[in-house]
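Novice: Pulled from TrEMBL, these are the listed features:
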type	residues	note
BINDING	Lys68, Met69, Lys70, Thr182, Asn292, Phe293, Arg294, Lys311	ATP binding site
DISULFID	Cys116-Cys161	disulfide bond
DISULFID	Cys125-Cys148	disulfide bond
DISULFID	Cys131-Cys155	disulfide bond
DISULFID	Cys213-Cys223	disulfide bond
DISULFID	Cys257-Cys266	disulfide bond
CARBOHYD	Asn180	N-linked glycosylation site
TRANSMEM	29-50	transmembrane segment
TRANSMEM	336-359	transmembrane segment
Amino acid sequence: MKNQITNAISDFFFEYETPRQVLVRNRRVGVVCRIIQLVVLAYIIGWVFIYEKGYQSTDIAVGSVFTKMKGVGYTSINGSERVWDVADYVFPSQGDASFVVMTNYIITEGQQMGKCPELHGKHNCSSNADCEGGSFKRTGHGQMTGECVDETKTCQVLAWCPVEDDLVIPDPPMLMSAENYTLFIKNSVTFPLFGVSRSNLVEGIDAGYIRKCLYHPENAPLCPIFRLGDIVKLSGFNFETIATVGGAIGVVVDWTCNFDVAVTHCKPKYTFHGLYGNPAETDKVRASVGYNFRYAQHYMEDRIPKRTLFKVFGIRFDIIVQSLARKFDIIPTLTAIGSGVGIFGVATVVCDLVLLYLLPKRAFYKNMKFKYTDTHAQDPDSEAGSTETEK
């Protein structure tokens, strides 16, 4: 036992293994080896360097977005005319990257706090027993008083009266003129790794050009002013349909730049995507279509607090900036080359498996590949090479 342990320790410290190269003249193995090497080479050149650009380092930009709407709308309801400007139909008004343009609405004027019958279909009743006083219903407008109103067969509620009737949505939309409103997008990005800052107001876009240009994907792809009707069309929606019930559209500003060439070639590309809208178009969220919200204008009349309630249907615009910049860097280049050279070893592993386990003369090849030596009794012919030629 002691001798075995001593021999094992001696073998571990005083033996050395070195690869032995054997030249095998076999067409099948040779072809397999070269095919695998060509595939690995194509992967390194085609995928790693050309497609994935493994010789470049990457950076993602930080930036900001500023927006501004222009346009005027007009409505005439029961002889009451009104002009709607930017302050009336844009929410919020600060020029954020996400905002809503009102295209349709339901207005309930002269509401004041009091008791009135609920809207038909909300709290229907046949007697006072159906109206539990002090309770609320999720779809109701206020707190039930416990009384059933005979004229409407609905429960009486404490709420802003008269309650809103939003069962019928105006169609066509009240502000179809929104189709001709214009949106100005100003975007600035910075790539901190490369120390490069860019704006979508690139070279050649000055005040004179902005005053007369209008975005077109082919004729004016860099113009930062967009017509709302064009945005909706490019996103795949019909304007009248989405303006009636509302929806959401994403405007993507894409900065994909290669800083191995001049920085002036780094320019934005705009794309438009319908996020959700009407089920007749591309929306798949059938349970809740469109987009709407409510806001109120409060005022005093004869010392009585009153309000005008708006249910707004509009198009929500989300300005989304995505970016990726690349530039040559020696470190990822060497890393890609090193990993590629390592993958070449796959050819050797596959060919060894074929030689040692699949070919009819595998015992002969195994004897040629592996050699055992003893420093005390070395065979002078042990280093002689052997070759075998396929017949």
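Numbering starts at 1 and runs along the chain as it is shown here.
The backbone N, Cα and C atoms fix where each Cβ goes, glycine too.
Just so you know, TrEMBL annotations never went through curation; they're auto-generated.
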Novice: Looking at the disulfide-bonded residues Cys116, Cys148, Cys161, Cys223, which has the shortest Cα distance to Thr182 (ATP binding site)?
Specialist: Cys223
Novice: Could you measure between Cys155 (disulfide bond) and Cys148 (disulfide bond) for me? Cα positions, answer in whole angstrom.
Specialist: 4
Novice: I'd like the Cβ neighbour count for Phe293 (ATP binding site), meaning other Cβ atoms within 10 Å of its Cβ, all protein chains included.
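Specialist: Result for Phe293 (ATP binding site): 14 neighbouring Cβ atoms inside 10 Å.
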Novice: For Lys70 (ATP binding site), identify the closest of the recorded positions Cys125, Cys131, Asn180, Cys223, Cys257, judging by Cα separation.
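Specialist: Its closest listed neighbour, by Cα, is Asn180.
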Novice: Near the Cβ of Cys155 (disulfide bond), how many other Cβ atoms are there if near means within 10 Å?
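Specialist: That number is 26.
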Novice: I'm trying to understand the geometry here, so how far is the Cα atom of Cys148 (disulfide bond) from the Cα atom of Lys68 (ATP binding site), in Å to the nearest whole number?
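Specialist: Roughly 50 Å, rounded to the nearest whole number.
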Novice: If you measure Met69 (ATP binding site) to Cys223 (disulfide bond) at Cα, how many Å is it?
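Specialist: With distance taken Cα to Cα, Cys223 (disulfide bond) is 15 Å from Met69 (ATP binding site).
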Novice: Could you state, as a whole number of Å, the largest distance between Cα atoms of any two of Lys68, Met69, Lys70, Thr182, Asn292, Phe293, Arg294, Lys311, the listed ATP binders?
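Specialist: Spelled out: the longest distance between any two Cα atoms in Lys68, Met69, Lys70, Thr182, Asn292, Phe293, Arg294, Lys311 is 24 Å.
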Novice: Counting only other Cβ atoms and using a 10 Å cut-off, which of the disulfide-bonded residues Cys148, Cys213 scores lowest?
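Specialist: Taking Cys148, Cys213 as the disulfide-bonded residues, the minimal 10 Å Cβ count falls on Cys213.
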Novice: Measuring Cα to Cα, how many Å separate Cys213 (disulfide bond) from Asn180 (N-linked glycosylation site)?
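Specialist: Just about 14 Å between their Cα atoms.
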